[in-house]
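Visitor: Residues or ranges marked as compositional bias 'Basic and acidic residues' in TrEMBL: 1-27, 69-91. If you look up TrEMBL, you'll see 1-100, 113-136 marked as region 'Disordered'. As annotated by TrEMBL, repeat 'ARM' applies to 225-267, 571-613, 653-686, 694-721. According to TrEMBL, the coiled coil annotation covers 358-385.
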Amino acid sequence: MSKQEIKFSEQPQKDQPNEAPKEEVAITHKASVTSRKSTQEKNRINLGRSQLTKRLEPSLNWRTSVSSKESRNTLRDTQVEKHGGKLEKSRSSVSPGRAQLIRKSVEKIEEIISDSSSESEEDEEQPDHRQEANADLPSEYWQIQKLVKYLKGGNQTATVIALCSMKDFNLAQETCQLAIRDVGGLEVLINLLETDEVKCKIGSLKILKEISHNPQIRRNIVDLGGLPVMVNILDSPHKSLKCLAAETIANVAKFRRARRVVRRHGGITKLVALLDCGKHSGEPAQSSLYETRDVEVARCGALALWSCSKSYANKEAIRKAGGIPLLARLLKTSHENMLIPVVGTLQECASEENYRAAIKAERIIENLVKNLNSENEQLQEHCAMAIYQCAEDEETRDLVRLHGGLKPLASLLNNTDNKERLAAVTGAIWKCSISKENVTKFREYKAIETLVGLLTDQPEEVLVNVVGALGECCQEHENRVIIRRCGGIQPLVNLLVGINQALLVNVTKAVGACAVEPESMMIIDRLDGVRLLWSLLKNPHPDVKASAAWALCPCIQNAKDAGEMVRSFVGGLELVVNLLKSDNKEVLASVCAVITNIAKDQENLAVITDHGVVPLLSKLANTNNDKLRRHLAETISRCCMWGRNRVAFGEHKAVAPLVRYLKSNDTNVHRATAQALYQLSEDADNCVTMHENGAVKLLLDMVGSPDEELQEAAAGCISNIRRLALAIEKARYS
């Protein structure tokens with residue numbers, strides 16, 4: 001309805017020029033209001049308001065006037081009467097303090113069973129912005145408030161006109177958004193959604209869709225019970241209504257409580273149904289308009305599901321409602337505006353193992369790879385991120401390679417302007433690099449050289465992925481050489497001084513992998529990289545400690561004078577020994593591996609023995625973790641080579657638990673344990689303990705092992721035990 005077609009009767013309102021809006025609600029502004037309380041400022045504001053009201057009179061002078069003090073029940077009755085709808089539920093008035101207290105109590109209880117897996121910062125309470133009563137406000141603020149007043153009491157035609165006029169304002173502007181809220185406009189707009197008049201619903205939803213980008217407005221909509229009403233509209237036969245409702249839900253469901261409300265009112269099932277709405281529509285399929293609307297309905301449904309899919313419970317609800325096959329089907333479309341929310345939803349859901357299995361079954365990876373070649377940067381970003389999430393699985397990594405996805409990923413590394421896309425692409429490359437076949441392809445596409453170039457002047461989210469990818473590539477000799485020749489060692493060592501936990505874990509792994517090469521180790525040592533790694537053993541995060549300890553092992557193995565280098569770190573040996581008190585199994589295993597390398601130097605072995613390494617190692621013997629068992633047995637074997645450590649291990653009850661390690665299914669554990677028992681069997685008391693715990697029978701089975709080291713250690717241990725038994729027998733009968 002155009003403004004030219006609407007004729008307004010002009011009636012002068014005598015008291016209006018001096019009448020300020022009675023329902024003024026304070027909206028915060030950073031500007032101080034103390035200086036605005038002078039008489040001169042008040043007169044200026046009143047004069048401005050008078051002029052604004054006069055300008056509004058010719059076009060907005062409706063015959064129905066509504067008192068700002070009328071009750072909410074009267075408002076509802078008026079709207080029902082004017083629009084022919086039935087509003088069964090009345091929203092009772094609750095004091096703001098009590099409402100907030102009740103809401104926070106409920107949220108606290110529900111948070112215990114919260115379903116969130118990837119919540120955003122919007123879950124934090126946002127400050128409530130309200131204007132000071134005497135603050136300078138733009139003319140739009142008062143014009144919108146006047147429109148809301150007419151909206152409350154006008155008939156159907158007046159309501160539609162008011163909605164159209166309100167839509168003409170810049171609703172993306174915060175002042176306009178809050179003007180609607182401050183005068184009670186949100187409740188009016190939500191009430192209109194429960195009427196039977198389609199035009200009023202459409203007008204209301206168009207406004208709600210625009211203003212719901214504001215975090216505070218979103219929360220207000222949820223507090224006023226707007227989401228269940230919108231969920232009900234998803235059943236409407238009118239596609240325009242369904243689209244607007246879904247888009248508004250997409251905007252509102254940006255925080256945990258809103259997502260929970262959508263799920264609990266059956267919104268997920270209804271949104272999933274929108275993905276297939278064209279199949280059940282009764283509209284004639286001949287028109288192209290039908291096809292366009294059909295695509296739009298599915299797009300809006302996918303958009304809402306994207307917002308809702310940030311919580312685990314909603315992901316499960318989408319899967320159970322049959323969302324994956326529908327999303328897979330939509331992924332084959334050529335409409336880019338449809339593909340973005342579809343891929344975005346899949347990207348969020350792919351963090352769950354159940355989804356990854358379903359994604360493989362639905363052959364979604366093929367279409368994700370295809371869309372990597374799109375010209376749309378946002379679509380490329382979400383496809384790369386979806387691959388990043390799915391590539392935890394080996395079969396998925398193979399599918400990405402088989403469908404030709406590695407080459408477009410490598411080529412996208414050259415476009416560094418879009419950092420969000422770059423982070424997604426490097427993340428996908430990192431996860432795909434876990435498979436050796438993919439690393440070979442990346443080397444062929446010159447991706448490793450490009451990754452080295454991204455080690456500087458990039459945001460942390462990019463660096464984490466770049467270093468992670470290089471860490472995987474460094475597992476092969478050819479790639480370690482490439483990284484060294486491209487000057488990648490120095491920027492890697494420089495990153496050891498950071499504080500980002502994920503980055504430190506990845507960079508220590510990469511530096512440790514590079515240290516396997518003697519030439520690279522020389523560069524690391526010259527750059528003081530070993531000291532930096534050692535200092536990370538003090539890091540509070542267990543993952544960083546463990547990764548740094550693993551990285552130190554090749555550094556010690558390949559250093560020219562490892563013993564002297566280790567002793568040069570003041571307090572370094574004591575620090576390592578004290579880490580054996582950790583509760584983290586990965587930290588313990590990695591520290592045992594470090595001690596095994598440190599103990600190769602006799603002087604260092606003597607020092608760590610003085611620091612009490614034997615009793616600490618003995619306390620760890622009763623473990624069921626095979627990784628820890630292996631490295632602990634190796635450490636004990638090495639520590640037995642100093643003084644009376646063999647005897648000390650027996651005194652601290654470490655021998656009997658070691659015998660039980662021979663029952664493990666891991667051959668590496670068998671080898672390390674046999675070597676440790678061989679060293680311990682040099683002491684007679686330890687031989688007795690082994691014999692009593694059934695070591696001989698277990699070791700006899702291992703003498704026939706194809707592993708030569710295991711054969712030799714098992715045979716040596718049995719020999720020592722047998723020699724002791726013969727000596728005892730000889731002494732008995734002599």
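Each Cβ is built from the backbone N, Cα and C atoms, and glycine gets one as well.
Nobody curates TrEMBL annotations by hand; they come from automatic prediction.
Burial and contacts for the listed features, if you can.
Guide: Residues of the same chain lying 6 or more positions beyond the ends of the coiled coil (358-385) and with a Cβ under 8 Å from any Cβ of it are 319, 324-325, 327-328, 331-332, 336, 339-340, 343-344, 346-347, 350, 393, 395-396, 399-400, 403-405, 408-409, 412, 418, 420-421, 424-425, 427-428.
Remote same-chain partners of the repeat 'ARM' (571-613), defined as residues 6 or more beyond its termini with a Cβ less than 8 Å from a stretch Cβ, comprise 534, 537-538, 542-543, 545-547, 549-550, 552-553, 556-557, 562-563, 620, 623, 625, 627-628, 630-632, 634-635, 638-639, 641-643, 645.
Helix first, then strand, then coil: DSSP counts for the repeat 'ARM' (653-686) stand at 24 helix, 0 strand, 10 coil.
Looking only at the repeat 'ARM' (694-721), the predicted model's pLDDT averages out at 90.
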Visitor: For the repeat 'ARM' (653-686), could you work out the same-chain residues 6 or more beyond its ends whose Cβ comes under 8 Å from its Cβ atoms?
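Guide: Same-chain residues near the repeat 'ARM' (653-686) but 6 or more away: 617-618, 621-622, 626, 629-631, 633-634, 636-637, 640-641, 646-647, 692-695, 698-699, 702, 705, 707, 709-710, 713-714, 716-717, 720-721, 724.
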